[in-house]
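Just below is one structure, and these are the notes that go with it.
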Amino acid sequence: MLPTDVSPRQRVLQVAASVVFCFLTVGLVFGYAALKPVLLASGVYADLCEDDKPYCAAQDTKLNFLFIIATSTVNMASFPVGVYLDTVGPQVSTLTGAVVFAAGCIVFSLGHVGKYVDTYLVGYFLLALGSPAIFLAQFHLSNTFPARSGLILGAITGAFDASSFPLVFYKAAFFAFGEKPSLRTFFALYAAIPILLIAQQLSFGPVESYERPGEVEAVEEATDALIFSSPFNGPSTLPPQPTRRSISPGSPYSPSTSPDRAAANADRRASAWSVWSRDDEGNPTHRRRRPSVTAYSRVAYDIPDNADESEQIIRLEQGCEMRDPVVGVLFGQSAVSQVYSSWFWIMEFMVAVHMTRINWYLATVHSQLAYYTKNVGLADTLTDTFTVLLPLAGIITVPAVGWLLDTRRIRDVALVMLSIGVGFGGLGLASHTIPQLIGIGLLVCFRPLFYTAISDYAAKVFGFETFGTVYGWAMTLSGLLGLVLAPMDKSVKDTFHGSYTVYNVLLLVLGIISSALLAWRTSVVPAPRSGAITLPPDVIIEEVVVEEEEP
């Protein structure tokens, strides 16, 4: 579905609704740092403590297990959810996620811990399971206004990063009003949010994914060939037939033709382009248009969003310098081919390491701060600061993240993430307040940049046609790795006597390596030859020209 198929007003409403509901749902389980004090005050798992102690290591481990299971579920569910999204479309995926999320709210509110059933664990699991079905179905909305795709993507992921705010507000209200509303009341009432989301989707939610405005298919295939950087041997030549010709010097669309002349010639013609490929026997066969190709080619070639067909062709054939040569590197390839590429595995390494770093800190923030500062009261204050800054940064950083993704290459973004990652990893080992506070500030800024940049990378490199499957598979593998957080937490308490330094240093080193690899991978993309359109040898560009009569 093209943006032009829907009115601007409705597209604005769809984007606004997406941001609001992402803020209220998709990252709620990541508000664990704010929810944990409420769980403790409510006596959740208090029966694990001996001698009626209000708090103990066994209870802390069991509560942390809630978060570990939830974060792993969010990631591991991404692959099946991604395949499901690619199959049924964004509306059905969102509706499914909303139903599961509502069930999670209701089950969590039951507050029953028995021998066979733990509704806190099951409910938190369902909240986590419904989240990716909602979240992944929103990325295509970045194409509603293509010239602002980075900003919209930043707003959606920023809403995800800020979606722990509802639990921050709940924690403040809970302790301000004498431990009311209770967990049962809050989560039972919160089930109304996914019900409203269902109503929104059924009333004006997009049934199909948005694509970028359709460029002529010659531009799409030429863009494919240029960005693919495949070892094709020079530009293809076209059979000398009346309706077929190669793009050569002197052509009205040739790089050697002046822009004014090319534009004038283009204005006198109405051209329809189609792309063909040859089958095994050499016979021309029509090649299906790939929706994902249109997603970022304007960005890659710095083509204005309102450019008409002739201007697109002229700019492309004049060999405009690409804004980011990685755009479209694997467009049109199967999901299996994309997953087997180095582009995927370097991204996966980056995702796995940094998701583990972020979730490790989220699960153990208070314990880490208490260990490094040796001051429980100060740790309480810093933890409260962290729980507020985490969602707040998701909102505040949206313009900066959007600008960075819209104007800079992915290589530059990777280097920025490398710098910030080193900063918060190193400062997090300090024993003084100011370095710890600065480290917290860097982490809460890194998180929205990381999540947005990775989804942006996946869309630009792999395309939206396979986005759900490829991105989902990356998240699923990361979720499997996230299961190590539970034994890590246990070993800190048992083997390392409360010290977090070994794991923090290890994650810091892995973070440096993974970020540097991503920066390297996005730097070594061979640039296309200026002024030439290199097409695969099996591609024929057919132009049907209809001459307009002179007045």
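Cβ atoms are placed via backbone N, Cα and C, with glycine included.
What TrEMBL records for this protein:
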- 246-264: compositional bias 'Low complexity' (COMPBIAS)
- 230-264: region 'Disordered' (REGION)
- 12-35: transmembrane segment (TRANSMEM)
- 65-85: transmembrane segment (TRANSMEM)
- 92-114: transmembrane segment (TRANSMEM)
- 120-139: transmembrane segment (TRANSMEM)
- 151-170: transmembrane segment (TRANSMEM)
- 182-199: transmembrane segment (TRANSMEM)
- 382-405: transmembrane segment (TRANSMEM)
- 412-431: transmembrane segment (TRANSMEM)
- 437-458: transmembrane segment (TRANSMEM)
- 470-488: transmembrane segment (TRANSMEM)
- 500-520: transmembrane segment (TRANSMEM)
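Within the chain, the transmembrane segment (12-35) has long-range Cβ neighbours (under 8 A, six or more residues past its boundaries) at 6, 66-67, 70-71, 74, 98, 101, 124, 127-128, 130-132, 134-135, 138, 141, 144-145, 152, 155-156, 159-168, 170-171, 193-194, 196-197, 200, 204-206, 362-363, 365-366, 383, 386-387, 390-391. Of the candidate ranges 65-85, 151-170, 182-199, 382-405, 412-431, 65-85 contributes the most Cβ pairs within a distance under 8 Å of the transmembrane segment (120-139). Long-range contacts of the transmembrane segment (500-520) within the same chain, counting only residues at least 6 positions beyond its ends with a Cβ under 8 Å from a Cβ of the stretch, are 346-347, 349-350, 352-354, 356-357, 360, 364, 367-368, 371-372, 410-411, 414-415, 417-418, 421-422, 425-426, 428-429, 457, 488, 492. The recorded stretches the transmembrane segment (92-114) and the transmembrane segment (182-199) share 3+ CB pairs below 8 A when only pairs 6 or more apart in sequence are counted, and are therefore in contact. For the transmembrane segment (412-431), the partner stretch with the most Cβ pairs below 8 Å, chosen from 65-85, 151-170, 182-199, 437-458, is 437-458. Spatially, the transmembrane segment (437-458) is not adjacent to the transmembrane segment (65-85); fewer than three Cβ-Cβ distances between them are under 8 Å for residues at least 6 apart in sequence.
Long-range neighbours of the transmembrane segment (65-85) within the same chain, counting only residues 6 or more positions beyond its ends whose Cβ lies under 8 Å from a Cβ of the stretch, are 29-30, 32, 93, 96-97, 120-121, 124-125, 127-129, 131-133, 136-137, 355, 359, 362-363, 467-476, 478-480, 482-483, 485-486, 489.
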